Amino acid sequence: MESGGNSLPSGSDGVKRKVSYFYDPEVGNYYYGQGHPMKPHRIRMTHALLAHYGLLQHMQVLKPAPAKDRDLCKFHADDYVAFLRGITPEAQQDQLRQLKRFNVGEDCPVFDGLYSFCQTYAGGSVGGAVKLNHGVSDIAINWAGGLHHAKKCEASGFCYVNDIVLAILELLKAHERVLYVDIDIHHGDGVEEAFYTTDRVMTVSFHKFGDYFPGTGDIRDIGYGKGKHYSLNVPLDDGIDDESYMSLFKPIMGKVMEVFRPGAVVLQCGADSLSGDRLGCFNLSIKGHAECVKYMRSFNVPLLMLGGGGYTIRNVARCWCYETGVALGMELEDKMPQHEYYEYFGPDYTLHVAPSNMENKNFRDLLDDIRSKLLDNLSKLQHAPSVPFQERPPDTELHERDEDQDDKDERWGPDSDTEFGDYSNPVPDRVKREYVEVERNDSVPVVVPMAVDEPSIKEEQNNSKNLSDQWLR
């Protein structure tokens, strides 16, 4: 694989990384409702695969501290957070006006434990950012996070709280510049909108564009004011395959890393861009999707990896398990180990699945034109914008529970949702560990986080379309 940048020593793919992995055993119990495509159970399936491939003992496994009201209100409106905290399935008929105001009800239903779910997935993403800020991890992973559509004052596209924005705000306490990269099939509209007028956060989204939720993400949407040219949108058509995707991803992201020089990277790894997704229309293989992770990892910059979309849940679990292996620099055997969700993965019971023979509508001249326009936009950037030094805001404490320090019988006992037994020893027949160490330069300037701008600047395009339209057709 080609090198990711000048700061990287040779043999980068084999470099050992300190990885923190956030997981709450309760997350798989949350249920959006019958027939709804968003299934938190996929996080539990992913965790089971990680355990049985023997990956957990190579990471610091942490149960996230739930985000508090004040944490969520660093981006979201107070009245919206109060609404989420108080709404229940039993009480929703008495709050129809509020439901409509906050866009809760169709794509984003009210379900039991809704607010706890939001606290859990947001807590994992912010906790990951804190680990990176303190320099105790090189990579932090929260597969329950990545809910990129949520807005300041409303839910959208199965997302209630925008954990990504909250995590970026945390990263901005320690880094002058943060890069956000989104490989979900849907445009990362909520994150782009939050940072549309600043040059401290660059957002780059690769997505299906044209009569597709959320309707935003035109290549001409480039940012506003100080943020002009700091929003990049890569609009794609149906059937894009690994080769076509990489022909854009690597040159664009290589140039972004060269000119923006972020102190940290947030990578939203939405798996609905995989071939065969229930709501998607791309044709990426798991290895093709993971090549994006491998490439961003190669720059040796603190990396926060988050989940996102993904509605064929067996493939979501496959993808995020494989990408956890990529984060660790470990090769996973294709033959899947026996585990409690083994029957989901038949008839082949393998980690990888072949892409389909669907037509790729992303013709070479179209891809060349997109790449040329975006590289031209990047050429207009001021290299590595700086911000004035100010008093540092208080650090967020490291207060999540380290699952590695818990009693193993409690962690993996019969009352746990994953009955894994003793995983204190490696599983050599499942994984191959590579042991090349690298020195890290963790000296970063201290800055105050920017205020999140009101998102009214950006004009929405066809934003009334529901994500649910794609699964109700």
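Each residue, glycine too, has its Cβ placed from N, Cα and C.
Under the heading substrate binding site, TrEMBL lists ASP107, GLY157, TYR311.
What TrEMBL lists as divalent metal cation binding site is ASP184, HIS186, ASP272. Cβ neighbours of ASP184 (divalent metal cation binding site) (same chain, under 8 Å, six or more residues apart in sequence): GLY146, HIS148, SER205, HIS207, GLN268, CYS269, GLY270, ASP272, SER273, GLY308, GLY309.
According to TrEMBL, the region 'Disordered' annotation covers 383-473.
Per TrEMBL, the feature compositional bias 'Basic and acidic residues' maps to 392-414 (among others).
According to TrEMBL, the compositional bias 'Basic and acidic residues' annotation covers 429-442 (among others).
The compositional bias 'Polar residues' feature in TrEMBL is assigned to 463-473.
A separation of roughly 13 Å, to the nearest angstrom, links the Cα atoms of HIS186 (divalent metal cation binding site) and TYR311 (substrate binding site).
Other than the site residues ASP184, HIS186, ASP272, same-chain residues with C-beta atoms no more than 8 angstroms from the centre of those residues' C-beta atoms, the divalent metal cation site, are ILE185, HIS207, GLY270, SER273, LEU279, GLY280, GLY308, GLY309, GLY310. Counting Cβ atoms from all protein chains shown, HIS186 (divalent metal cation binding site) has 29 others lying within 10 Å of its own Cβ.
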